[in-house]
Amino acid sequence: MSTSQREPISHVTTRPDQPHRLPTISAAEQSLPVFDERGRAGRVRRMVWQVLVAWALVWASLQALGGMYSWHYFVTGGTLLTHPAWASGGLHVFAAHPELQMGPVALLGAGVIVLVGGSWSTVLGALVMMALGLVNLRILERTGAQLQRRPISPRITLVAGMVLVPIWSVLAVHFGHLDDVLAMTFATAAIAAVVRCRMWLAPVLLAMAVDAKPWAAAFGVILLLSHTDRARRVGLFVALTVAIWLPFLLADPRTLRLSSFTIINAPDSALRAIGIHSATTPSWDRPAQLALGAALAWWCLRSGKWAAVPLAVLATRMLLDPGTYPYYTAGLLLAALFVDLIHRRRALPWWSIAVAGWFVVSTTLVGLHHLQAAGDVRAAFLLAVICRLCIGRSPRQTTPGAPEGAGQQSHAGAVPVYSPL
């Protein structure tokens, strides 16, 4: 059945006393194809993705010169993790190298890439990380289309990809931070699992995200979406997260030193712009990032803006982080795409365009050595994002063409439908 021939979908609206409860569509609707790949529409969609693949290769090539700046950390950590007989290898890797500020999942992934790629592991790592950027976009495109029961416009996909790829290449190829790539990829997959009502897969994927990069812990708030088995899903998420770290802690308690590792408070940081002028990371900073990120994420759930949870977490993290590495923006931009492609109603992905525009302005100011101005702009933009997420609720809506009040009872095996920001 083509998209134009589908019957209207009955929609369950949110109860006023439970503003973050899931509106749903039936399980039968999940099995219907979202994209009609036949005819002109299918050709246009394939052409868009061919353009995006070419665009990704161009940007990977541009970033390759002097690229993979931080990859040596992953080579070191991955090699040590997969050689337990070495003095600082195996479960002692984090205790011996507290500068490895990533999780075991990221090091394991790096170890596999080094093992498979050999002398070409750097190239392989760059290609894998660059490809995952397009994979994330594809997952979000299909997830948004499933929720709205109509394909996302190829124009939106094209603009989203053209905006994402250059900044993603900074993360994937210029710096080579596999931990951030994996954390965001697992988060994207977890969102897709929630949408498809694979509610027991979501905590597993979110635990993998945290065990790739610990700042992803606040993403776990997304598990509070559904009231059914909520405590057990959250328990599974916590148990898996702890279980992966526990062997390292038991083998060498010095692993806890990871939490006290500090970095320089950069002159252009938002942290300085809001009045925190300590030379390095304040002792309260990491817990504050997690607590405030989780609180803002919870508010997004309560106000019906569930797909904005990653954006809320990352905006809070970047506001309070003493570091200003350009690759941080790749995660923020992908999180903005969650809103644009899942909570969408506009002709263009404006959240993502706004993040990309800020990135250009910030990079230009840093290049001109106007560091204080760059920090002020950074803080102002991130505060604006946070304030926008805090204001208002997503309105109750019915799917166009559905009868008023249709389907007022939720049922098992259903997929959530949400209204946009």
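The backbone N, Cα and C atoms fix where each Cβ goes, glycine too.
Positions annotated as compositional bias 'Polar residues' by TrEMBL: 1-16.
According to TrEMBL, the region 'Disordered' annotation covers 1-21 (among others).
The transmembrane segment annotation in TrEMBL covers 48-71 (among others).
Cβ atoms under 8 Å from those of the transmembrane segment (107-135) belong to residues 52-53, 56, 59-60, 64, 67-68, 71, 74-75, 77-79, 81-82, 93, 100, 161, 164-165, 168-169, 171-173, 176, 178, 181-182, 185, 212, 330, 334 of the same chain, restricted to positions at least 6 beyond its ends. Positions annotated as transmembrane segment by TrEMBL: 107-135 (among others).
Marked as transmembrane segment by TrEMBL: 156-175 (among others). Among residues of the same chain six or more beyond the transmembrane segment (156-175), those with a C-beta under 8 A of the stretch's C-beta atoms are 45, 48-49, 51-52, 55-56, 59-60, 62-64, 66-70, 126, 129-130, 132-134, 137, 141, 181, 325-327, 329-331, 333-334, 337, 340-341, 344, 347-349, 352-353, 356, 359.
The transmembrane segment feature in TrEMBL is assigned to 204-225 (among others). Beyond the ends of the transmembrane segment (204-225), by six or more residues, the same chain brings 20, 22, 102-106, 109, 178-180, 182-184, 186-187, 189-191, 193-194, 233-234, 236-238, 240-241, 244-245, 289-290, 293-294, 297-298, 301, 306, 309-310, 313, 316-317, 416 to within a C-beta distance below 8 angstroms of the stretch.
Under the heading transmembrane segment, TrEMBL lists 231-251 (among others).
Positions annotated as transmembrane segment by TrEMBL: 325-342 (among others).
Annotation comment: TrEMBL describes 348-368 (among others) as transmembrane segment.
For 398-421 (among others), the entry in TrEMBL reads region 'Disordered'.
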